[in-house]
Amino acid sequence: MRSELLQMLLDHQGNFVSGEAISQHLGCSRTAVWKHIEELRKAGYKLEAAPRKGYRIIHQPNLLTENEIKAGLKTNYIGKHVVYEKSVSSTQEIAHRLAREKVAEGTIVVADEQVGGKGRLGRAWFSPIGTGIWMSMILKPKIPPQRAPQLTLLAAVAVIRGIHAATGLHCDIKWPNDILLKGKKLVGILTEMQADPDQIHSVIIGIGINVNQKNFPDEIKEIATSLSLEKGEDVNRALVMQSIMAEFEQLYELFLKDGFLPIKQMWEAHATTIGRRITARTVSGAIEGFAKGITEDGVLLLEDDFGTIHKIYSADIDF
Ligand code: BTX
């Protein structure tokens, strides 16, 4: 109910909404409206109350709790159930537990801070409090487990489109799944799965987005950036998250209906790695050549100077 109230006040940005209109819309008493208004105030909203006029929002804090995420969310099932935590080790861990408890598809776990944020291959993801979007999405696609990596690529396209819709900023993808803004890492995506050899139970897509950080620890300060560093102002995390979830749901529906091909084409159109000369540093050495594209599994196809096509499964890429 509180997210509906918030939605109503936000829809009337700056203008008063009467207590009567709110209580009718929410189907609750004027006293209950007043209690919800007090709760919003406690959460950091500045709300003006005027006799015979009602309530209006004067200041909206940059929060990412269930209320902010749901108010204005335009999806059918992605993000309809939100589990918000102030501080966690990793949202992936909570999502894994919820997935085992059989929560609805599209459930999102989001935290204000992760103290044990996970990257790929055992690496850490720096997730300081109140600055970024640290979220895990639970999906239950009826596809064979081998196709699950395609969802990482789908998520990358959704994130790029969502960020563009919310902020106007253009990001690129660097194979396999780094999302870069002006050459620096803005987003990390980690896909994990619960499956039998022939059946997926859940896919858990972890997305970490640097939104309002002004600085980074020494280890990553040369390679990382945030949306606010590029925009020169703070960015509303809930709006970015809603926009990404809306893009994700559309692309996911397309993927389930028409398969991976349309997603692959969108991914390639955003990937700086494709269509240029690159060096792929693999564990067995460096290969130089022309990046032709990706396969259905997201494997990079690299043509060397002798015309041999190499399938690159894992590598660091230099341009
Ligand atoms: P990755 O392995 O591609 O990236 C990890 C590497 O990126 C680190 O080794 C470090 O060099 C650098 N790095 C760490 N933190 C940041 C940061 N905030 N910004 C830029 N660079 C950084 C990418 O792994 C996958 C990350 C997924 C994170 C999400 S957050 C929600 C969910 N929960 C969770 O524990 N992980 C996922």
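Cβ coordinates come from backbone N, Cα and C, glycine included.
According to TrEMBL, the features are:
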type	residues	note
DNA_BIND	19-38	DNA-binding region
DOMAIN	67-256	domain 'BPL/LPL catalytic'
BINDING	Gln114, Lys185	biotin binding site
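Sequence-distant neighbours of the DNA-binding region (19-38) (same chain, 6+ residues past either end, Cβ-Cβ under 8 Å): 1-2, 4-5, 8, 47, 49, 54-55.
Counting only same-chain residues at least 6 apart in sequence, those with a Cβ under 8 Å from the Cβ of Gln114 (biotin binding site) are Ser87, Val88, Ser89, Ser90, Thr91, Trp125, Ser127, Trp134. Taking all protein chains in view, 17 other C-beta atoms sit within 10 angstroms of the C-beta of Lys185 (biotin binding site).
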